[in-house]
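> Could you have a look at this structure, given as structure tokens, before my questions?
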Amino acid sequence: MAKYFGTDGIRGEVANSTITAEFTQKLGNAVGSLINQKNYPKFVIVGQDTRSSGGFLKFALVSGLNAAGIDVLDLGVVPTPVVAFMTVKHRAAAGFVITASHNKFTDNGIKLFSSNGFKLDDALEEEVEDMIDGDFIYQPQFKFGSYKILANAIDEYIESIHSRFAKFVNYKGKVVVDCAHGAASHNFEALLDKFGIDYVSIASNPDGLNINVGCGATCISNIKKAVKEQKADLGISLDGDADRIIIVDENGQEIDGDGILNILAQYSDICGGTNGIVGTQMTNMSYENHYRANKIPFIRSKVGDRYVLEDLVKYGYKIGGESSGHVINLNFGTTGDGLFTAIQLLAIFSQADKPVSEFKLQGELMQQTLINVPLAKKVTREDLQKVASDVNDVEKRLGNRGRVLLRPSGTEPVLRVMVEADDKSLATNEAEYLVEKVKQKLV
């Protein structure tokens with residue numbers, strides 16, 4: 001089991017967990033030393049979101065890298081996918097993002113990309129963890145690394161998207177965008193301006209403490225309200241580092257990551273094409289049935305965009321994502337990208353010329369009840385075995401009417417209990433039954 005890395009990098013409460021200046025400096029030094037060992041280019045890229053803790057953590061990271069002889073190019077406040085994009089474009093050995101994504105401002109973390117723009121695999125994460133716990137290494141003969149700032153890094157990313165989609169995007173509707181007071185603030189607006197979109201921006205005034213507070217992709221009541229007030233045709237909500245996207249239609253109704261994938265699958269020719277879709281264990285069964293009926297190959301990965309990416313590569317598909325709004329298109333990028341996904345959707349909506357609500361899957365979706373159960377420590381396989389018989393009982397009662405998923409969070413001590421069924425009360429009752437069993441046996 002990983003000591004520091006979760007499903008999406010390293011994350012925790014600032015100063016009260018792993019996320020300290022001391023640890024972050026060791027992380028930078030460990031990765032820098034590993035770069036030297038493997039003879040990779042002695043050059044990395046860093047970026048951050050809008051959290052107040054981002055500055056001191058970034059410079060701690062940079063000091064560890066510089067001590068190991070690694071040059072650092074700082075992009076400033078940019079969305080996570082921009083760091084992945086620039087890492088590949090500028091042929092850096094790695095890319096770092098100081099972010100805790102959709103978490104509250106008191107948390108922070110580090111996402112780490114390899115030279116190909118992919119998140120590290122488990123084996124490489126283990127190597128990094130071993131080196132973190134080793135000696136701090138200084139580059140001999142004073143061959144320390146340099147530190148430079150790249151102003152307007154977002155421009156290269158925007159131009160790349162614009163060159164691909166300018167001929168498709170001619171959207172005439174009114175759009176509301178929620179930037180979660182995060183890394184998309186001003187950056188997303190610059191992208192929309194490039195395409196001539198008529199938009200109203202909310203939650204785009206970061207102060208270091210308001211990231212994700214009552215806004216963003218994990219609090220869509222904000223965008224729903226704004227769409228109705230503005231009489232808009234579309235709402236787009238991103239999270240703190242802009243690797244997630246959730247949209248709402250002209251009626252203020254949510255279309256989550258599953259729904260977005262379904263839209264991309266229907267119009268994949270505009271998005272570069274794909275011969276299959278990768279969802280996750282959380283993907284609603286209604287979409288799986290829909291793909292099967294339309295002869296679109298569909299695979300479920302483990303939850304986490306890194307696992308979606310692994311299966312995209314394994315099966316040779318191009319488009320995949322999660323219910324939570326991580327959407328990957330390997331025709332363009334290598335990680336969840338809320339901004340690029342938004343432009344793909346605007347291209348589709350421009351070409352199809354019908355209300356956003358008409359792009360939704362027709363008919364009732366299977367009903368999902370998801371309950372997060374806080375625990376004292378991270379959940380182990382042994383813990384799950386303690387409630388295996390209870391899960392089996394629920395599965396027997398559901399029969400072919402639904403399914404059960406118990407999933408430990410990869411970033412915090414939480415067990416996610418999900419029951420899906422063709423009836424909401426059935427899903428809720430069975431989920432609550434399992435939550436009680438979890439509390440009895442694991443809390």
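Here the Cβ of each residue, glycine as well, is placed from N, Cα and C on the backbone.
Per Swiss-Prot, the feature active site, phosphoserine intermediate maps to Ser101. What Swiss-Prot lists as Mg(2+) binding site is Ser101, Asp239, Asp241, Asp243, and the listing cites sequence analysis. Feature annotation from Swiss-Prot assigns phosphoserine to Ser101.
Give me the local environment of each listed feature.
Within the same chain, residues at least six positions away from Ser101 (active site, phosphoserine intermediate) with a Cβ under 8 Å of its Cβ are Asp8, Arg11, Thr80, Gly109, Lys111, Asp239, Gly240, Asp241, Asp243, Arg244.
In the three-state DSSP scheme, Asp243 (Mg(2+) binding site) falls into the coil class.
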> For the binding-site residues Asp239, Asp241, Asp243, work out the Cβ neighbour count at 10 Å and name the residue with the minimum.
Asp243
> Inside 8 A of the center formed by the CB atoms of Ser101, Asp239, Asp241, Asp243, which other residues of the chain have their CB, for the recorded Mg(2+) site?
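Output for this site, in sequence order: Asp49, Pro79, Thr80, Thr99, His102, Gly182, Ala183, Ala217, Leu238, Gly240, Ala242, Arg244, Gly336, Gly338.
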